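Here Swiss-Prot flags Asp162 as active site, proton donor/acceptor. Annotated Mg(2+) binding site per Swiss-Prot: Asn7, Glu401, in sequence order. The annotation ATP binding site is assigned in Swiss-Prot to Lys14, His222, Leu223, Gly224, Asn225, Gly226, Asp297, Met298, Arg299, Gly346, Ile347, Gly348, Glu349, Asn350. The substrate binding site annotation in Swiss-Prot covers Arg104. Positions annotated as site 'Transition state stabilizer' by Swiss-Prot: His194, Arg255.
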Amino acid sequence: MNILVLNCGSSSVKFRLIHTYFDLIRENKDYSIASGLIERVGSEGLLSFRSTNAQGEVLSTLRTTAPVRTHQAAIDQIIKWITSENSGIQGIQSLEDIHAVGHRVVHGGEKLTRSVLIDDSVVEQIEDCIELAPLHNPQNLKGIYAAKKTFGPNIPQVAVFDTAFHHTLPDHAYLYALPYQIYRRHRIRRYGFHGLSHRYVRFRYRTILGMERENVNIISLHLGNGCSACAIKNGNSIDTSMGMTPLEGLVMGTRAGDVDPAILTYLAHKEGHSLDDLDKLLNSQSGLLGISGLTNDMRELIEESLENDDRRAKLALEIFAYRIKKYVGAYLSAMNGADAIIFTGGIGENADFIRQKICAGMNWCGIEIDENLNKQTTRGREGRISPDGNKPEVWVIPTNEELVIARDTYRCVMRKE
C-alpha cells in the first residue's frame with residue numbers, strides 16, 4: 001500500500017510517500033518512496049522534493065519555485081511531481097497508485113483519542129477542537145479539505161492525532177487545580193503534544209531491546225524548536241510537560257514554557273499589554289530567542305556561547321538545560337524510576353553539547369553519559385550513549401512521526417475504522 005502522509009502548517013506542507021503492508025510493518029521494513037517540503041505557501045512557493053528506493057538511495061531531487069497560493073495548490077504540486085517521470089518513482093503514475101492519505105492533526109480533544117478514518121463527523125469534531133489549537137488545527141483541516149478535493153471519495157483518508165498518545169494520563173496528572181466546573185464547562189485540562197514522536201520512541205526502544213510494550217518504562221525528551229518531556233510507564237504516557245496547549249513546560253525556541261501566570265496580569269496592568277500582545281510574547285518572543293536576544297537556533301547559540309563567550313547565549317542554554325533536568329527528576333520520582341532517558345527531535349538527536357549539559361550532575365540517580373559515544377551519536381545515528389551497565393540508560397533515537405502516521409493509516413484502512 002502506498003500511503004501519502006501530509007503535515008500541513010500555516011505556510012508549509014510537508015509530505016512523505018511510504019510503501020507499507022502488514023509483513024513490512026511486522027518486520028520493520030516499510031520504506032519511504034518520496035519526501036519533501038513546500039515552504040512559503042500563500043506566495044511564490046519553494047519546493048524541495050526527493051525520491052528514494054527501498055535501500056534509501058536517492059533517485060531524483062527537485063528544488064525550484066512555483067506559485068503556491070493555497071494548500072490546495074501545494075498538494076497539487078506534490079501530486080504532479082510524484083506522478084511524473086521526472087520523479088524517478090516506479091509504480092506511481094496516477095492518483096490511483098496512491099492508496100490512502102494520512103494526516104497529522106495536532107489536537108483531537110477528549111473525543112478523538114485514536115487514529116480514525118475521516119468522514120464528515122470526524123471533520124466536525126476536528127473543527128470543534130480549533131479553539132484548543134487555533135494555530136494548528138485550521139491548517140491541518142486545510143490539508144484534509146484539499147486532499148478530499150484532489151483524491152475524491154474513493155481514496156480513504158485517516159487522521160492521526162498528536163494528542164491521542166496522552167489519553168492514558170490519569171486525572172491527577174491532566175487536571176489543573178482550578179475550580180472543577182471550569183473543566184466540566186470548557187474541558188480545560190492537560191492534553192499533551194508530540195505524541196507521535198514519543199510513541200515512535202517507545203516503539204523503537206522496545207524493538208531494539210526485544211521487549212513487550214507493557215514493560216517499557218522510559219522518559220522521552222523531544223527537543224526541537226518545540227520541546228516536551230513524556231513519562232512513559234508500563235508502556236503508557238502517564239505525564240507530559242505540554243499542557244492544554246503546546247506552550248506549557250520546557251523552554252523552547254520562541255515559547256516560554258512554564259511561567260507564573262500572575263506575570264501576565266502584572267504586564268497587562270504595568271505596560272498595557274492586550275491579550276493578543278501577551279499571546280505573542282509567550283509564543284513568539286520568549287524561550288531561547290527571548291533570553292539570548294539573538295536567535296532561537298540552538299546551533300547558533302552553542303556557537304555564540306563557545307566561540308564568542310556570549311553571556312546571554314550561555315544563560316539561554318543554562319536555563320534550557322536546567323528546566324529539562326527538573327522535569328527528568330520529577331518524572332523519575334513519579335515513575336518510581338525509569339529504565340532509560342531517550343533524546344529525540346532536532347536538538348535531542350544532534351546537539352551532543354546540550355545532552356551533556358542536561359545529564360551533568362545527575363549521577364546521583366545513575367544518569368551518566370559516555371563522552372565519546374555522545375559525540376559520535378549525531379546526524380541521524382541511533383544508539384546508547386551511557387556507559388555499559390548504567391541505569392537508567394541514556395539513548396538517542398531519531399524520531400519518525402511520518403512512519404507512525406503511515407502505519408496507523410494502513411491499520412485504519414484495513415480494519416475500516
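Cβ atoms are placed via backbone N, Cα and C, with glycine included.
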Packing count at Lys14 (ATP binding site) (other Cβ atoms within 10 Å of its Cβ): 20
Top Cα neighbour of Arg299 (ATP binding site) in the set of recorded positions Arg104, Asp162, His194, Arg255: Arg255
Fewest-neighbour residue among binding-site residues, criterion Cβ within 10 Å, set Asp297, Glu349, Glu401: Asp297
Minimum Cα separation from Asn225 (ATP binding site), reported as the residue among recorded positions Asn7, Arg104, His194 that achieves it: His194
Alpha-carbon distance [His194 (site 'Transition state stabilizer'); Lys14 (ATP binding site)] in Å: 16
Residues near the residue listed as 'active site, proton donor/acceptor' in space but at least six apart in sequence (CB under 8 A): Arg104, Val105, Val106, His107, Gly108, Phe193, His194, Gly195, Leu196
Among Arg104, His194, Arg255, Arg299, the one of these recorded positions whose Cβ has the fewest neighbouring Cβ atoms within 10 Å: Arg299
